[in-house]
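Okay, so here's the structure we're looking at.
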Amino acid sequence: MSHPALTQLRALRYFKEIPVLDPQLLDWLLLEDSMTKRFEQQGKTVSVTMIREGFVEQNEIPEELPLLPKESRYWLREILLCADGEPWLAGRTVVPVSTLSGPELALQKLGKTPLGRYLFTSSTLTRDFIEIGRDAGLWGRRSRLRLSGKPLLLTELFLPASPLY
């Protein structure tokens, strides 16, 4: 099962450098903290609508593969992050199977818990980069994060109802 927002997320084209944009827009796109927390700061109840979750092979992650270690399997999680039930963000997380060891096994068991609630409580979280992307008038971003030095890739598409717009 897929969702149109995830199709658009996969169509994002990324800027080679951070573009010159309105400061308020950049504030959202370059946020280093949890997007879940940012949405909650808008006075909203944040929830996750699960689109897809499970192991995939390399052929199902062509956009992410150049940014991750080459492995036989990856954990894929695709969601809509909703604010008071309205989708504000589409998210796609790709986790190499080698990352899923020790405490990071919890990444497979998030269920309807927003990823940010897990990631941003970890003292071992680091971010390699944020890339800004755009497709058909919508903005997105992609980050390679590390937990205890182990990589995962998070791509987010801000949907039309999001306060980013």
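Cβ from N, Cα, C; glycine included.
Fair warning: this is a prediction, and the values are worked out from it, not measured in the lab.
Feature list (source: Swiss-Prot):
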BINDING   M35, R77, L115, E156  substrate binding site
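On the structure: features taken from Swiss-Prot.
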residue: M35; record: substrate binding site; Cβ neighbours (10 Å): 24
residue: R77; record: substrate binding site; Cβ neighbours (10 Å): 22
residue: L115; record: substrate binding site; Cβ neighbours (10 Å): 22
residue: E156; record: substrate binding site; Cβ neighbours (10 Å): 25
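Here substrate is bound by M35, R77, L115, E156 per the record. The longest Cα to Cα distance in that group is 16 Å. Each of T36, I79, L81, L89, G91, R92, T93, P114, G116, L154 belongs to the same chain as M35, R77, L115, E156, is absent from that list, and has a C-beta within 8 angstroms of the C-beta centroid marking the substrate site.
In the three-state DSSP scheme, L115 (substrate binding site) falls into the helix class. Annotation note: M35 (substrate binding site) sits in a helical segment as assigned by DSSP.
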